[in-house]
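Colleague: This structure is in structure tokens; I'll ask about it shortly.
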Amino acid sequence: MSSDVSQYTIGGVKIMFPCKAYPSQLAMMNAIVKGLNNRQHCLLESPTGSGKSLALLCSALSWQQSLYEKSLLKSSCEKEDREPAASLPCRCVCHSRSESSEATAGASHGAACSNNYETGGSVKHGDQLSDTECKENNTLASKLSAKKRASACGNECDDFQVERKRIRPLETEQQVRKRHCFSKEVQLVDALEVYNQRKNGELIVHSEKSVKNTSPQTLFSSCTECSCSSGKETRKDSGNTKKKANGDQTFIPKIFFGTRTHKQIAQITRELKRTAYSGVPMTILSSRDYTCIHPVVSSSNSNRNELCVELLEGKHGKSCLYYHGVHKLSEHYALQSAHNTYQAWDIEDLVSLGKKLRACPYFAARELMVGADIVFCPYNYLLDPQIRESMEINLKGQVVILDEAHNIEDSAREAVSYSVTESQLNAAREELDFMVNNNIRQKDHEQLRAMCCSLTNWLRESSSQLVETGYETSCKVWSGKEMLNHFHDMGITNISFPILQKHLSAVLEKEEKISMFGKEELVEIPIVSSATQIVLKGLFMVLLYLFKDNSRFADDYRVALQQTYAWTNDNQPDVSDTSAFFTKTKHKRNLRHKTVVHMLNFWCLNPAVAFSDLNDVRTVVLTSGTLSPMDSFSSELGVKFSIQLEANHVIRNSQVWVGTIGTGPNGRKLCATFQHTETFEFQDEVGALLLSVCQKVGQGILCFLPSYKLLDKLKDRWIHTGLWRNLELVKTVIAEPQGGAKSDFDELLKIYYDAIKFKGEKDGALLIAVCRGKVSEGLDFCDENARAVITIGIPFPNVKDLQVELKRKYNDQHKTTRGLLPGSQWYEIQAYRALNQALGRCIRHRSDWGALILVDDRFRNNPNKYITGLSKWIRQQVQHHENFGSALESLHAFAERNQKGIDFSSQCSNEVFHVPLNSKEPSSASQQEATIHLSPDVPVKSEEQSFVPETHLTTTINSINPGPSNQPGGQKVDVESCSHNGIQRRKHMDSTPRRPANKTEKKSDRTNSDFMKEHCCFKPLTSTPLPVATNCVSTASSKQRKNVNSASELIGGVNQCQSSFTLEHKPSIPESHLETTNFSVKSTEAPVAEEHLDEQKLQIEPCSELPSVGGRPELSVLEISAEDEDESLYFTPELYDDAESEEQEMRPLDPDENQIECGKPTVADDLFVISTSKTLSEPKEMINDDGRNTSLHGTMLSDISKNSTVNIEKMTNGEEAEQVESQEVDTKKRKISLSRSRNKGVSPFLLDSTST
């Protein structure tokens, strides 16, 4: 964990953050804390790479820790209220038996202290003590107790007792667990017996019930003459704040953190290790595929769950040795916080420790869930009712965080859907028939067999009613209510279904009590196979939702009976004589025949059915980098998300190139509809486009296609035309396989990464993948692994898919009654979510860069329809290119700047954001994107993650008048850190390389990049200007006399001046002290310069009204003096939204408009405080409503005036008088112009200041 920890106070919760937070992280933490406090649900979108995982972990865990602190404080107050009533010492037998024990000493200490505090008569009472108590006073324990009592009562507080009360139960429980684990009964018990007891609820290891039963208080007989035993139990319960003893006030919710895959869990736990909360008790729930270490089970390719159960049952005479050692792993010091050595761990850490201790990681992780504060798991563990039941997950009153939740709707529907084939039903019926015929729980199995027989008979009868829907496919669909009528005919009703559930529970019991010779003994009973159990449990799960709440969800289901054909191979053995004369031919040995497959599908079309089980959850937080469009979540899930947020990305606009391309290199239109993708012209044009991009962009490139079918078509076509070979000459080409083993896919990824890492003759690699495939979900392609992402077309779901068709009709049917989106709109949203997920593979962290290329003519022709579905940070920067040539030229210039090793510092000194070649003037949207809007009185204290403030000296230029930047300052800056601002050369920046250094710059051996590094690391960021160096002045003056003809030459002089300034005024204070002063500056072109854009010559205007060198400069443009500000900084999340409209940017901020976006619920009504030990001294009045730092502008003009004054002294008297007169006129004009342009949206306070 980083030593530079920042502390923020949000909603009354102190959050320890491992570094200074991004604005998007502050907004997320504020939203989460508000949702947790108010029991509201949150829907938060934050782009990948913006640090949303850290924000989720720190905010949720800090809120949980605050509840522990409140509970501890409350228990200490309750103890102080209770102790005066227990002033008389206890006279029971249990106390007299342990006179000198620590418990007795503590009780006498508490009584004496209470008497002294309440009545003040403890001395008199001490004279009347009995002989036994007088004898006790002579012991060592009594002397120590007296010292403690004197210390506690002298301070008139109960700190010592509170601390002792909090520690003692933990030590006692730990000793009890050790005695319990190393007792002979536990060591010698059979694995089958332990497993059965746990299934029956007779043995619950480390649960609240078992801890209570094995507590020291229950080891002795309770005393009935006094309330000592109840007092002990009360103290014990108060120590365990997780128990719901006094209602919701003492119940501390667990945090269930769900992600999509196990690999994402590993990424989350790595982030947890960075935080101050890495010591919280945790566990990771996962499948046996990841955690089983048994050599036989783990090496098997079959169902590991079945093999594990067989070992636990000891069917083959062998038991699982690793299961016996679960307690050794769950109580190991590396996983327990009692030893203060606890750290966050990953599945790999648990597995390696389990192998070392020969203990089962799978069951150990489940045991650790009892005492864990945060539980990580794939989120289908929380949505699937069968998995929740098997893992014993209780979500009532808990906090559920679902990361990467863009597919949560599909996952919720799949969790409560079920499909079974006719052959599976027949196999289950035959096995149940076998149980009945052998008199094995005959009554129970008969009822289940009758249900399966009725269902198979109905399936056969219905198969004759199927309607052909395609080639060799036919189906028939029933609604849920219609299917209930059929179940009623089978004898399955809402009355008989609970009886069937009891029969199912009975047949799954592996043991049964049987009376033999007058004694009851447990006898093992055979049960049905795992395959039959899966069939029965799946059917009963669907029936449960169909009958639930008086068939409330029946209309949300569709039952589809599908008939398809499958080809099977009959590998018949060779039948030949010894001479092999009559051997069968090869084609006759491998016979293939077509078989009919009937599939019965119970499809849930409403994800709210699965989420109905989460109604008792305290707070649900859904977050992802690609939640957009966000309109469907509330209606689809049936959950009211009171808090919604679309956060901005943390990268600069110059780090990403986003463009749409509608034509190929040969000028053919590219529209990836089904009709066009079938033509050779489209396939060849896409191939030529892909080859051109690979030649211009180095390193790794990802290309996403809508479907595997199109991928196969393109690959076959390109191999036939030779284009595939041309691609392989440039890059290593890899195509994503459909299906296959995980190991094969991992091997292909390794080839891709190695081709980029170890460069040879080829420049990187090209990975052609499919949206919604393996590559587009959960994989991290950072830095050179994905310098460009190309998407071909829009990945709409298959319109001919029966489930998609039924879902669209379902939404159209209920769009008015339930507020669902229309079917067509839902259909489009599914496409954009998949597209955004594919685009999110690029730009994975703050310093990353890459290009996003959207190939389809529909984006340019109808942007209002097709662009609005993209993520917020992408749609704000989309540029439409008329032809492929201009797009490729702009893309090549973008890649050249970054691939040549030009760091962001020197790059950002010449540009603010990317504008393509066909853009003549920066648009209003682009100007909005170049800024982060701040409140006029809210200075931002930024961090190591934040942007770097503008550090260049600003000059007044006739043709360009750049305004100061508003980027927050004061953070640490590394080589990759840079500012947003500087003189903007938008028109030719993307197409022409950087101009060489001018003569002034060549005089120095140091580059502008070196100057920037030194300047950012050592120059104190302050609003008070420092004296300008002499060489800096001479440089500026020489620049003025030369009639500068280009902006680049002027920038060189300013950089040289700046470097000299930095070298002479390098501070001697530590770097940490240089981070304390922040100011905000904005780098957009001021409107006042528009009338001078046609002028060719640039010259520096001296300002005669500013003081000369050596004098104390004052703020001349807006005469406002800087004021010291309180250390606490206040934020609201909407301040960090840099996608506001131009009207909102130019008008004053309205308090009623403090919403995140477009009328959505407010994220932050309450301001949250950032507490820091660093001293802040920021002029509150320096920032206008539009984000311009007028104070800094005046400061920079002061520095320029010093240079100008030296130049004026060298002139003749006539020239000097003429120059000064010219300066005065220009300054007055400029002040008038500034008043027109900068007072737009200025607060009344600033307007009053300027008028003075």
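Heads up, the Cβ atoms here are built off N, Cα and C, so glycines get one too.
Annotations per Swiss-Prot:
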type: DOMAIN; residues: 11-452; note: domain 'Helicase ATP-binding'
type: MOTIF; residues: 164-181; note: motif 'Nuclear localization signal'
type: BINDING; residues: Ala191, Leu192, Glu193, Val194, Tyr195, Asn196, Gln197, Arg198; note: ATP binding site
type: BINDING; residues: Cys292, Cys308, Cys320, Cys360; note: [4Fe-4S] cluster binding site
type: MOTIF; residues: 403-406; note: motif 'DEAH box'
type: REGION; residues: 919-1008; note: region 'Disordered'
type: COMPBIAS; residues: 920-930; note: compositional bias 'Polar residues'
type: COMPBIAS; residues: 952-969; note: compositional bias 'Polar residues'
type: COMPBIAS; residues: 989-1008; note: compositional bias 'Basic and acidic residues'
type: REGION; residues: 1212-1252; note: region 'Disordered'
type: COMPBIAS; residues: 1215-1224; note: compositional bias 'Acidic residues'
type: COMPBIAS; residues: 1228-1239; note: compositional bias 'Basic residues'
Colleague: If you average per-residue pLDDT over the domain 'Helicase ATP-binding' (11-452), what number do you get?
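Modeller: That stretch averages a pLDDT of 70.
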Colleague: Give the sequence-ordered set of same-chain residues, not counting Cys292, Cys308, Cys320, Cys360, with Cβ within 8 Å of the centre of the Cβ atoms defining the [4Fe-4S] cluster site.
Modeller: Arg288, Ile293, His294, Val297, Leu311, Leu312, Tyr322, Tyr323, Tyr362, Phe363
Colleague: Going by DSSP, give the three-state secondary structure for Cys320 ([4Fe-4S] cluster binding site).
Modeller: coil
Colleague: Tell me, how many other CB atoms lie within 10 A of the CB of Cys292 ([4Fe-4S] cluster binding site), whichever protein chain they belong to?
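Modeller: Within a 10 Å radius of the Cβ of Cys292 ([4Fe-4S] cluster binding site) lie 25 other Cβ atoms.
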Colleague: Mind giving me a neighbour count for Cys320 ([4Fe-4S] cluster binding site)? Other Cβ atoms within 10 Å of its Cβ, every protein chain shown.
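Modeller: Result for Cys320 ([4Fe-4S] cluster binding site): 23 other Cβ atoms within 10 Å.
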Colleague: If we count other C-beta atoms within 10 Å, could you say which of the binding-site residues Cys308, Cys360 has the fewest?
Modeller: Cys308
Colleague: Looking only at the motif 'DEAH box' (403-406), what are its DSSP counts of helix, strand and coil residues?
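Modeller: Secondary-structure breakdown of the motif 'DEAH box' (403-406): 2 helix, 1 strand, 1 coil.
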Colleague: Does DSSP give Cys308 ([4Fe-4S] cluster binding site) helix, strand or coil?
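Modeller: Cys308 ([4Fe-4S] cluster binding site) sits in a helix per DSSP.
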